Amino acid sequence: MMRIALFLLTNLAVMLVFGLVLSLTGIQSSSVQGLMIMAGLFGFGGAFVSLLMSKWMALRSVGGEVIERPRNETEYWLLETVRRQSQQVGIAMPQVAIYQAPDINAFATGARRDASLVAVSTGLLQNMSRDEAEAVIAHEISHVANGDMVTMTLIQGVVNTFVIFISRLIAQIAAGFLSGDRDGESNSPGNPMVYFAVSMVLELVFGILASIITMWFSRHREFHADAGSAKLVGREKMIAALQRLKTSYEPQEAGSMMAFCINGKSKTFSELFMSHPPLDKRIEALRSGQYLK
């Protein structure tokens, strides 16, 4: 949940910075078409910047260490498991990292299917059986194979575009109204302070509301990743892994952008703002075979 939240906050920060630069430099769009083009460039730009930086940010945020050569039997097993599953789904071998954390957790990130990263916590390796850990790894490999990183980036780009467009359109109307240009015929954006204040507040508010859409897609992809894991290692192993997660506690380590975690418990947000479905729903979906068809 933290990783997705930070990805959204990064996009929001990029939009706010772009908006600040435009307002300070006096660059404003005088037409709806121009505003839409600007919103698209900045909206998708923020999302793709986050995607391109995702591996670096992920490793930096959790203090992960990429395994170059296995130093013990656990690291050897982890590399071989990732290699075998990658071959099964037809993707290049991802980088594999381990990070120090007591929580049972793992994530996948990266800009491309064939240039990805899979990281697991020491808590996962210490507290899960090999079968359960294998299922979690298969879940992350399924995220990569399904192209979920790029899918979520495109969705975020569309959401960003509409947030910027609607916010600045309303801000331009409000600024023009207060400056006496109630017909919107002037090329001037109106009162620049009003324009800046309204656009920044609306981008923040609409960005938070738009995260509901992004979170819905994220939850949808989690069901498919669970199903992908079940196909790779067996349904019972994935169910066992999720049941083990029910006994774990909420992960607290710092997050990273565009990462897909296995641990989806949440105690502080309603389901609308959850990046993962409740664990009971994920287990039920696996038992019913809803996403295995």
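The backbone N, Cα and C atoms fix where each Cβ goes, glycine too.
Together with His139, His143, the Zn(2+) site in Swiss-Prot holds one more listed residue from Glu222, Glu236, Glu271, Glu284, which is Glu222. Put plainly, the binding-site residues His139, His143 were compared by Cβ crowding within 10 Å, and the winner is His143. DSSP gives His143 (Zn(2+) binding site) a helix state. Between the CA atoms of Glu222 (Zn(2+) binding site) and Glu140 (active site) there is a gap of 10 Å. All protein chains included, Glu222 (Zn(2+) binding site) registers 26 other Cβ atoms within 10 Å of its own Cβ.
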